[in-house]
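The compositional bias 'Polar residues' annotation in Swiss-Prot covers 97-106, 280-290. Residues annotated as compositional bias 'Basic residues' in Swiss-Prot: 1161-1182. Feature annotation from Swiss-Prot assigns SUMO2 cross-link to K148, K201, K273, K289, K400, K428, K430, K1035, K1062, K1081, K1128, K1432 (among others); the stated evidence is similarity to another entry. Per Swiss-Prot, N-acetylalanine is recorded for A2. According to Swiss-Prot, the phosphoserine annotation covers S109, S121, S161, S197, S1065, S1072, S1182, S1257, S1540, S1543, S1548 (among others). Per Swiss-Prot, region 'Disordered' is recorded for 83-108, 267-291, 1124-1185. The annotation zinc finger is assigned in Swiss-Prot to 362-402, 414-457, 464-499, 510-544, 554-592, 600-631, 708-742, 749-788, 795-829.
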Amino acid sequence: MAEREVETGPRKRFEQKSDAVFDEIVENCGVMDTEMSEDTDHNLTPTLASMSYGMPNQTGSENSLLDEDDYFLNSGDLAGIPVVSSDNEDEQDCSSKDNLVSSVHTDGSLEVERRAAHQESDNENEIQIQNQLKKDFPKQFDQVSVFKSIRKDFCLVRENSKETFSGKEKNRDLTYHEREKRLDKPHKGLDSRLKSSFFDKAANQVEETLHTHLPQNPETNFRDSSYPFASKESIGSELGNSFASNIRIKEEPLDDEYDRAVAPQQGLLDRVKDEPDNAQEYSHGQQQKTQEGELKISAVFSVSGSPLAPQLTTGFQPSLASPGMNKMLPSVPATAVRVSCSGCKKILQKGQTAYQRKGSTQLFCSTLCLTGYTVPPARPPPPLTKKTCSSCSKDILNPKDVISAQFENSTTSKDFCSQSCLSTYELKKKPIVTINTNSISTKCSMCQKNAVIRHEVNYQNVVHKLCSDACFSKFRSANNLTMNCCENCGGYCYSGSGQCHVLQIEGQSKKFCSSMCVTSYKQKSAKITPCALCKSLRSSAEMIENTNSLGKTELFCSVNCLSAYRVKMVTSAGVQVQCNSCKTSAIPQYHLAMSDGSIRNFCSYSCVVAFQNLFNKPTGMNSSVVPLSQGQVIVSIPTGSSASAGGGSTPAVSPTSINSSAAAGLQRLAAQSQHVGFARSVVKLRCQHCNRLFATKPELLDYKGKMFQFCGKNCCDEYKKINNVMAMCEYCKIEKIIKETVRFSGADKSFCSEGCKLLYKHDLGKRWGSHCKMCSYCLQTSPKLIQNNLGGKVEDFCCEECMSKYTVLFYQMAKCDGCKRQGKLSESLKWRGDIKHFCNLLCILMFCHQQTVCDPPLQNNAVASISMVQAASAGPPSLRKDSTPVIANVVSLASAPAAQPTANTNSVLQGAVPTVTAKIIGDASTQTDALKLPPSQPPRLLKNKALLCKPITQTKATSCKPHTQNKECQTDTPSEPQVMVVPVPVPVFVPIPLHLYTQYTPVPFGIPVPMPVPMFIPSSMDNDEKATEGIEDIKEKLATHPFEADLLEMAEMIAEDEEKEKTLSQGESQTSEQELFLDTKIFEKDQGSTYSGDLESEAVSTPHSWEEELNHYALKSNAVQDADSELKPFSKGETEQDLEADFPSESFDPLNKGQGIQARSRTRRRHRDGFPQPRRRGRKKSVVPVEPRSLIQGALQGCSVSGMTLKYMYGVNAWKNWVQWKNAKDEQGDLKCGGGELASASPCSDSLGSAQDHALSQESSEQGCKARSVKLKEDILSCTFSELSLGLCQFIQEVRRPNGEKYDPDSILYLCLGIQQYLFENGRIDNIFTEPYSRFMIELTKLLKIWEPTILPNGYMFSRIEEEHLWECKQLGAYSPIVLLNTLLFFNTKYFQLRNVTEHLKLSFAHVMRRTRTLKYSTKMTYLRFFPPLQKPESEPDKVTIGKRKRNEDDEAPVGVEMAENTDNPLRCPVRLYEFYLSKCSESVKQRSDVFYLQPERSCVPNSPMWYSTFPIDPGTLDTMLTRILMVREVHEELAKAKSEDSDAELSD
């Protein structure tokens, strides 16, 4: 017995000094803990079970607040413990570490299984301990595998837990006595082993505690990383009973007072309140627990952990089995939980700001990591996120557009992309019932189909039967019926079936077909809407919906207003409602507003107390205090009266008992209501100009470091003008009044007008190239461009920072610059160069008001604190003395308030348990309603103890705004020596034009002296007299032709403007007069509707010095093309390849020209009726007016209708394909005109036979051209004059269609016209139909001579050449002398019906006269009349004039034809062009009767008064021009029409 006592004594001393053991193990196991965290093997299984003997109830409820049948942790256990969220919150497991019990036991078999396990473990542990003592102690310590952790996570479900804390204590006491008996029974040989066994158990507990604080991965469950007992299997189970022999344990003198102070007070632990877990437990309640101090914490969030965690662990240390082991062991200092950034994996330091996305659990160190993690730059979207519409089977790209619906027959929900698809699917699902009434089917009034009728509409006394919703919608649209239509989707609202939803917004009732449409309408409109109760303004998307008894949905700004509104509705109705406590039907006298906005009605205050006791049941004391959780307010309604809660007033309340906490709750409600009313009051700003108050978005002006606010744009502009708000314009460099200030690359630029701003942006675009035109976040222009796809839209940003901030703003994680709340920010404002974002208009007004007021306004927290202090002071004295202040109006991170008990463990420092305190960390809110605990003993002096002391820290931000004041001061400049002016007489004679002297003074006098000045007058006169007469004629002509003076003046103005523009541009030389004449762009201005000299400006090119000028411009074009290869890209080159395939003769629709033909025919008849009919037998030709092309094809050049515009890319592509084929065929790459090497074939010559190639070669060799080697170029603009001339000569002979067939002659002319237009479009002045290209014209004339117009089956003539094509490629007009001649030849052929050269040579100036006739309504018409010369009887029979009626020998006179003017387009008017032609001819030829077409001068300028010589034009040149004109379809139509009229007249005669 003495030996047993000797062994037991050291064991007790060891157990009493276990705190020193824990301290030393922490220091020596740091390296082990690190290695253990790195090498974790999850596949190991526990092999040692020796730890089940010494501490069988080690994880009892005092240790971890867990029972064997109840594994759900109380929220009080986790209060203050840092939470590390996992990636998937829905799959979080509540795991527990337990080294004894590995299975869940039921309530009935718990004690039996425990006893059996202890008996079996006693026998096994005795054998294992004996074997363990035989082994070497240091050798076991060297095993590396003992440091590998085994963690098994399992989900603990707490659903059937009904055991109270008192019941748990009884089980613990029973287990404790049984364990005491078993500990006293061991024989003497077990004492030493007990000491070793306990040593190992303590070491395992320390290792288990250290392992829980190791850094965890983001995927680890938060209970694994934060709670010390989160693992099912103990790590120490593999450690065994061995430690290193060199571990030294520090021994200190015993201190019983310290152990007594460390031990938790049993009375306080017995009164810990359980936290309700779910709605079922919350409604049924829990068993009673006494409570002395209650602490309600909504949520605590911290990055580096909470200081309450180690205190909580210390306060709940389990008591050991034996009396000697019943001392409380101090907890090991918890290792700081290391939280890592999910983006860059960096460890977040304590106090560092962390970012978290709404709805996600991942933490980030910065916004760059946040945006980079969520939106990877090259990460494709997962294919699993796409959903398919169940109706149309299309992919729904935007998740917000998904409409989920569940039908009766299926358990799964269906996804739809729109409401129409949902309706269509519902129609398909419904069974089709065919109703046969006397075998007659009913026809739908809309679609005219026989179907089942679903709608019958009585409209205008007619019943319309409709078969479907689609037909019903079409019927409503056709008749403009808008009854019962959904405001969101436009569908029909079936009000009779109760499916119609009514939303009361802005004083109007809007109807919706479903609740989804109501929500969608709120999100889309997002209007500022007043609350239905307090009338405070707020965005409709943020308000709370409530449907009243009438079915209308109203909007409320907060849960408080919704609760007050429901109380008002219940009390104002005066109906009996079932009490939520006693279930009796009576008029409610008390209402309890819950945190979710719902209302609980009670008939008496006792029912209120009974209802709250379901959640908080105090025992052992009769307290009159009813603790209120956050969000609960008791409203008392006096008997026989009702509370009014309209407008912004609060409902009338009266506390039943002055000593109850209901009075304090009502005081808090009143304080909160007053604060909300103050914060929601509309703030008005004062306009800086008109001094009026306004509540709209202000117009801001940043000038000289000050911000000026205006009510509108007009006031801002007027203020700038009055106060001379001027700055240097960034574009025009002139100091003017600022119109707008724009930010470019971080610098503000001022502009005087919108034009200057646009021009400056245009210049920047040329310099920068691809740049950010407008940053989506900071609204500035920057040369750097960063794009990101957000919400299906590509946004532009100027830098990474702006993209990061915009992403935070897009995902509604940014905070408002006004109210500092996080959420959707729909308003923005530019303030001092920065963009501020706000929730709504109220926040903008509040922000601007705060900036204008000198003293900063009180913050929300300060107002709330003041209100709550006043509320607390208004209560009874006893209540103020016993309770702590309540912190209100703080945004909570928890979804619902939860009352979480806790125990203060600072008794070691103070020696007594103080009142419960509150701690605010970050954005968390803490509310404390507690009673004063009984007084404790005075603190005692402690001796040499290391305590875990962590002060409660609080971060406080103070906003200090300095008072700014402007004061003008002046610094005196250093004084300079004063300069004294001393007059010194100087003997200088100064002549003064005054009569001060007696002698005469010379005065300058001007005498006009004639000086001869040489002048060069262009004239072809032979002698001086004729020259003088020519000068007089020119003077008279200029005086009598004012329109020509206008032409010359317009040409001079255009030349002067061009000179000024070239002078302003740097590096450009003056434009000479010859360059002005040759530059096409100078004169290609917009052609107006008046004459005003535009004909003169069209005169661009002349035939003088053609070869030199064309080579010069060809070389210049080559340089331009090399510098800018993208001058004219082949935009349509891929499509415009085969002209005849795209425009076949079969597709010609003569109806497209019907309008013009009818107009011409009517005009001809009208003019014929207006002319007096001659009495002679020969009928006079009617007037042929010019076809008003502008009415059909547009007034501007090149803007014709499809099918009427010249597609010049056909010619360019044909040239390109031909050159490619030519270069590929000829190895030398030389173009040889003539000889045997001119083998012609098509680009697709592979489909042709060798016989065709040989025939083409023979045909080309017969041309007789001199062989010249020319390198062909695909780009026609790069060809010189000679290359282009020879190339075109060969091109028209060898070009083929893509299928290898030859082009028709009209198609070849079409291709050549396209090439001509392409040259003009790109700045080349070459006219390929003039004398320098004579060889090409000869070959083209030969080719066109064999062409005859195609007669279609309907009788119309077909040709691909139209009149508009000649106007577009500048072959008609007044651009040059030869073009003007070609235009007159065209008009004479078309309207005078002159078909050959012989008939045209009969024209003369004497036979063509300009006449004017007055028509109806006093309108005048100018026309040209041509009188053909008399036919001589001896004229040869083969020279009969075609197109004119054959006359008998007794005819009196030939018939005169007329050509009317074109008033719609003066530039295409035949009369004006003829007058312009006369002005450019010599006076000597204007009365000649033998000539009409004159030879152009070799050298002339546009300002020259004469373009033509006195000699007639060569008949060969005239024939070449006429051949091309006869290819025009409109000419053949006019000739055919005139021929038919002549034949009709002959038949009538």
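Positions of Cβ are set from backbone N, Cα and C atoms, glycine also.
By the Cβ criterion (distance under 8 Å, sequence gap of 6 or more), the zinc finger (510-544) is counted as touching the zinc finger (795-829), at least 3 such pairs being found.
The 10 Å shell around the Cβ of K428 (SUMO2 cross-link) contains 10 further Cβ atoms across the protein chains shown.
In the three-state DSSP scheme, K400 (SUMO2 cross-link) falls into the helix class.
S1540 (phosphoserine) carries a helical DSSP state (H, G or I). Distance between Cα atoms for S1540 (phosphoserine) and K400 (SUMO2 cross-link): 71 Å, as a whole number. Summarised by DSSP class, the composition of the zinc finger (749-788) is 15 helix, 9 strand, 16 coil. Mean pLDDT, taken over the zinc finger (510-544), works out to 80 on the 0 to 100 scale. Distance between Cα atoms for K400 (SUMO2 cross-link) and K428 (SUMO2 cross-link): 25 Å, as a whole number.
Counting residues of the zinc finger (795-829) by DSSP class, helix then strand then coil, yields 11 helix, 8 strand, 16 coil. Around the Cβ of K400 (SUMO2 cross-link), a 10 Å sphere holds 8 further Cβ atoms from the protein chains shown.
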